[in-house]
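Database features (TrEMBL):
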SIGNAL    1-34  signal peptide
DOMAIN    23-229  domain 'GH16'
ACT_SITE  E115  active site, nucleophile
ACT_SITE  E119  active site, proton donor
CARBOHYD  N123  N-linked glycosylation site
Amino acid sequence: MALPCSLSRHCSLLLLVAGVAVLLVGSSTRPCAATLDDDIELIWGASHTYFFMDGPDTESLALSLDEQQGSCFRSKNTYLYGTISMDIKLVEGNSAGVVATIYTISEGPWSYHDEIDLEFLGNVSGQPITLHTNIFANGVGGREQQYYLWFDPTADYHTYSIEWNPKYIVIRVDGKAIRAFKNYEDQGVPYPTWQQQRVYGSLWDADEWATQGGAVKTDWSNAPFVAYYRNYNTTWCRPSPGVSWCGAEPKDSARFDLDQQTLADLQWVNANYRIYDYCTDHKRFNESDFPKECYLQRAGV
């Protein structure tokens with residue numbers, strides 16, 4: 001679970017359909033790159049953040065963490081279905097205990113909140129950073145999957161995306177799918193279908209659990225820790241022609257089926273870089289106690 005902490009005004013608007021705010025993006029199919037200080041807001045640790053020009057046309061945000069405080073931003077808009085992405089350069093050097101995040105979360109009561117998490121768990125120098133993912137729906141989480149990355153995420157910016165539609169939640173890294181969570185709501189498995197979510201990013205200390213189960217603590221002599229964020233992009237979820245919005249897409253539609261490249265990416269990443277999957281954790285679950293979606297996935301439903 002991530003620690004809680006828009007679209008460019010020139011190319012987007014919100015349309016109310018059946019009481020739900022649906023993201024629309026002009027006539028272009030390109031993502032709209034938000035101007036960071038226009039479309040996100042700092043909600044804590046403002047003294048630990050700064051905007052700067054990272055090149056002639058790119059505005060970036062630096063989040064920092066020291067022993068007194070971390071920092072966090074959120075989007076000014078909320079979204080229901082769509083793709084959200086951001087370029088992130090993670091903390092260099094010894095980042096044990098430090099967690100950087102990009103995630104979405106609903107704003108209703110916690111007991112039935114929805115959330116899609118990407119958390120980057122720091123490590124000691126030379127050891128891989130873990131990308132920890134989790135999905136909550138109607139207050140139910142515990143769907144953790146973890147990955148190493150096939151590159152050094154501290155050396156340069158890489159693009160991390162959440163693709164959310166009525167059939168799948170797909171998490172991508174540099175366009176490559178690493179995780180797909182299918183909607184099994186008709187089988188009794190909760191799925192986020194009705195609550196708008198807001199985007200958050202944060203940098204905070206979680207040394208009680210983040211690195212090697214909490215065995216390695218944050219070394220504050222390396223502070224301040226700094227992570228960089230830029231190119232916040234959102235694109236609307238496009239339904240089939242003639243369908244009013246994605247939430248009205250017919251159940252038997254193939255609109256949001258995974259394509260062959262996505263399936264190949266998932267197979268490659270899961271075979272080579274996935275290091276934890278709650279659906280295979282026999283220490284955590286007895287064979288009869290796995291979450292229902294685990295059995296459905298095994299059965300190829």
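Including glycine, each Cβ sits where the backbone N, Cα and C put it.
Keep in mind that TrEMBL annotations are predicted by a computer and have not been checked by a curator.
Since this is a predicted model, take the numbers as computed values, not measurements.
Across the fold, the C-alpha of the residue listed as 'N-linked glycosylation site' and the C-alpha of the residue listed as 'active site, nucleophile' stand 25 Å from each other. For the residue listed as 'active site, proton donor', the same-chain residues lying six or more positions away in sequence with a CB closer than 8 A to its CB are A2, V99, A100, T101, Y103, L131, H132, T133, N134. A sphere of 10 angstroms centred on the C-beta of E115 (active site, nucleophile) encloses 22 other C-beta atoms.
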